[in-house]
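Encoded as structure tokens, the structure appears first; notes follow it.
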Amino acid sequence: MLLSDRDLRAEISAGRLGIDPFDDSLVQPSSVDVRLDCMFRVFNNTRYTHIDPAQRQDELTSAVEPTKGDPFVLHPGEFVLGSTLEIFSLPGDLAGRLEGKSSLGRLGLLTHSTAGFIDPGFSGHITLELSNVANLPITLWPGMKIGQLCILKLTSPSEHPYGSSGVGSKYQGQRGPTPSRSYQNFIRST
């Protein structure tokens with residue numbers, strides 16, 4: 001069940017759904033707008049010959065923060081990691097779905113490539129996978145609305161929410177754009 005604006009406010013007021021900082025004006029009919037933080041991770045295209053999800057590649061990305069008051073410029077065909085300004089905390093019976101903003105999609109900005117699902121129990125900033133599919137650079141302003149988070153009520157609380165021992169919650173408590181940790185639980189078929 002997708003939560004309405006009324007249900008979202010009730011979950012936030014009850015302290016079950018955490019959004020910090022929270023701005024009530026960002027609550028939409030069935031989602032909460034999320035804003036862009038000021039930190040990004042750009043890919044170092046000369047450090048490795050290829051990307052291998054089975055290997056730890058610490059120098060694959062570098063942290064970048066634009067000068068205060070300046071935007072980050074995302075060039076055509078470029079892919080970078082960003083994050084939400086807000087920290088989210090979901091209880092064991094709520095999950096999230098991150099979606100892009102229609103107005104930004106119409107400019108050629110993709111907010112996430114594949115990882116739009118937020119597990120019940122997650123706590124932290126949401127990492128954004130930002131791509132420019134337009135033919136011109138796009139300026140990304142820290143604090144701008146970058147997407148919307150829909151909250152879904154599970155039919156029953158998760159038995160092992162994200163962050164529980166044994167679940168392999170690699171990104172619990174993440175701060176800012178967090179690079180891939182796929183190597184930590186990579187499985188190859190034999």
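Glycine too: its Cβ is placed from the backbone N, Cα and C atoms.
Annotated features, as they stand in Swiss-Prot:
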- E129: active site, proton donor/acceptor (ACT_SITE)
- K101, S102, S103, L104, G105, R106, D119, T127, L128, E129, Q148, Y162, Q174: dCTP binding site (BINDING)
- 171-190: compositional bias 'Polar residues' (COMPBIAS)
- 161-190: region 'Disordered' (REGION)
- G116, F117: site 'Important for bifunctional activity' (SITE)
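Mapped onto this structure are the features recorded in Swiss-Prot.
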residue	record	Cβ neighbours (10 Å)
K101	dCTP binding site	17
S103	dCTP binding site	9
G105	dCTP binding site	14
G116	site 'Important for bifunctional activity'	18
F117	site 'Important for bifunctional activity'	12
D119	dCTP binding site	19
L128	dCTP binding site	27
E129	active site, proton donor/acceptor	17
Q148	dCTP binding site	19
Q174	dCTP binding site	17
Integer Å distance between the CA atoms belonging to L128 (dCTP binding site) and F117 (site 'Important for bifunctional activity'): 11
Rounded Cα separation (Å) that holds between G116 (site 'Important for bifunctional activity') and G105 (dCTP binding site): 15
From binding-site residues S103, D119, Q148, the one whose Cα lies nearest E129 (active site, proton donor/acceptor): Q148
Farthest-apart CA atoms of K101, S102, S103, L104, G105, R106, D119, T127, L128, E129, Q148, Y162, Q174, residues recorded for dCTP, distance in Å: 33
